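So that you can see what the record holds, here are the features copied from TrEMBL:
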type     : residues  : note
TRANSMEM : A:72-91   : transmembrane segment
TRANSMEM : A:117-135 : transmembrane segment
TRANSMEM : A:147-168 : transmembrane segment
TRANSMEM : A:180-202 : transmembrane segment
TRANSMEM : A:297-320 : transmembrane segment
TRANSMEM : A:332-353 : transmembrane segment
TRANSMEM : A:390-414 : transmembrane segment
TRANSMEM : A:426-445 : transmembrane segment
TRANSMEM : A:451-474 : transmembrane segment
TRANSMEM : A:481-503 : transmembrane segment
TRANSMEM : A:509-536 : transmembrane segment
Amino acid sequence: MIAFFAVAPVVLVTLLVGLRGVAAMRTTSDFLVASRRVSPLLNSAAVSGEYLSAASFLGVAGLVVKDGVGALWYPVGFTAGYVAMLVLVAAPMRRSGAVTVPDFAEARLASTPLRKLAAVTVLVIAGLYLVPQFRTAGLVLSVVSGGPYWVGVVIAAVVVSVTLAVGGMRAATYVQAFQFCFKLVLFIVPAIWLLLSAGPAVRHEAVHPVEFTHFARDTPVDFGLEVTLEVHEPTTVRASDGRVFTIPPGEFRVEDGDTLVFPAGAPVPGVRGGAAPGGPDWQRPLLDLQDAGHPLLGTWAVLLATMLGTMGLPHVLMRFHTSPDGRAARRTAAITVGLLGVFYLFPGVYGTLAKVLVPQLYLSGATDTAVVALPSQVDSGAAGTVFTTLLTAGAFAAFLATSLGLLLVVAGAISHDLVPGGLARLRFTVVAAAAAVVLLALPSARLDAGVLVTWGFTVAASTFCPLLVLGIWWPRLTAPGAIAGVAAGLLGTAGAIVATLFGPPVSGWLAILVAQPAPWSVPLAFGTMVAVSLLGRPPAWSSAAMLRLHLVERRTSVPTRDRGRDLGHSSWSARRSSAVRRIIRRLSR
Amino acid sequence: MSPHRRVAVTSPQTRLAHARRRHRTAWRPPTLDPAEVHEAVRVFHAQRSRAAVALGALSVLLLGLPVVLSLAPWLDHARVLGVPVSWVALVAVPFPAMVAIAHWHLRRAERVEDDSEPGTPGPGG
């Protein structure tokens, strides 16, 4: 019932708001960038709505339970990405007149192979990001409603692909902007209610954490996945079929689907690869990735990956192309920093409260559900149910808004960059891509969503971030250099992913650099681009192509008085690149 | 036949061309009017220096705050309204600071562009 009341309104409102955005569409530009008529305020709300995915709505609070207060560095990096975007990318990229990131690469460097490579990179990033969104939609719905996993996945896919195929970017813009306000309210109001009704004892423990060593009350733990527990003392538990048995000290494997009830006062077993929440390391405001003992390096690695990765996320970059001009794109980025800053004040509240009220989630690895599990712990009556419903609705809105943007870049990459086609093919690609993602998401219920999204950020940071930064600020960049750099970034992160999955266990700082490769893969990509570019010669028009990105759009076609002719209508021969080159040479002397 | 029937008025050639699948046109080098080059170079240099300053401020903030927190563990035990100072610092310092940097840079970057409004002669011209 909760699931119905939470999901049905979100789905209906999404479709209704999407319908409002349906307008006559003739060109790919209408479909992909809403005819470039989106004002900065609406656009920044849409950027924030798209960006606040399940990882922000549920994930950060879950990470606080699992890894400690240091997990609050993730939102800092997420927001810092928009400051970097504002400073380095937003306005010049919009002025290139491109529609997608591969389009930008071609407009700046005139290389079709680079465009295809960039399109493939878009598909990799979007795949890594989209599959976890659909998976979490399925999981949250199945947890709340008790229904099967695939239902949630299919509902998400149908709503997203119908909205997009009918309304394109304009519908996506209205839906995302609306869902940002929706999510903001549904995140802040329950947080305040939780703080007020949790009682002074819980509030006191939230800021004076004690290590989670003994169960405070009879605690049922649902193991959705197979987990190996490290039991230090004999522990008597009750299984779901009523059987009571004692676990001997040592390792104990719990099958997936089991529910064990730990009695009050029982010692908490350990979980392989994690410290219990609430300990001294948990309280440190730094991120000790992989428990490697280098918290500073771990924090920096996460900040670098999230900040530079945000700058290279194709679905976010595409939103900036919907601004009418470069200045509006820059304002969009600036407003987004403020909007995200407001939202990210609250994950810490959920995280610290969840550590007190539902610390057992870390045993089953289901910390992602901490936010949704909180209200029923505070109030078992109607109020708790209402707030669980509100939070589920917010989480579902988070999946929808993010999936809309991602599915649109997938469609753009396939039928605008890889196999250019018209509007009809774009609409069809949206539906086909959604079906493909559903097929990918069905077997991946066991995957760790956070890990996949982090990989998506890392790939973006080590491919598109150097491509955009050097393309906009360095006139000597050549197409071979850009191709080599993007390929090096892709291969580097792919190597790290393979090493994480299949490689031997490593420890110390090496473990951080394997799990979070951004600190070396981003410099590798930048270095390769610069080195290969310096080996070649940039084409004659290269400086002009870069300078044009920084020039303000002519807003009026009033002829400039001092030159006596209308720049907007000057003939092609007057714009010869040799003339531009001559002037640039004279200026740089 | 209804009296309001709409009739295509384009030439058969145009209709043929529209019906055919359109291939992408050949890529042309981007154009920059020689008369605008002075302005473009000036804006580029001004924006580059301002971007470097803003980026420097952002990196000092983001790389410096973890160093401060790791060098000053006593901040974990000092409390504001019952909450450890180091936890508060993780939320209350970076977000307002980033909003301030963004706003400051936005104003400076727009001022550079305001100077290059059409009609104002650039310093070189």
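FYI, residue positions are counted from 1 along the chain as it appears here.
Placement of Cβ uses the backbone N, Cα and C atoms for every residue, glycine included.
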Can you see whether the transmembrane segment (A:117-135) and the transmembrane segment (A:451-474) are touching - at least 3 CB pairs under 8 angstroms, only pairs 6 or more apart in sequence?
yes
Select the range from A:72-91, A:390-414, A:451-474, A:481-503 that forms the most Cβ-Cβ pairs under 8 Å with the transmembrane segment (A:147-168).
A:390-414
For the transmembrane segment (A:390-414), which recorded stretch in the set A:426-445, A:451-474, A:481-503 gives the largest number of Cβ pairs separated by under 8 Å?
A:426-445
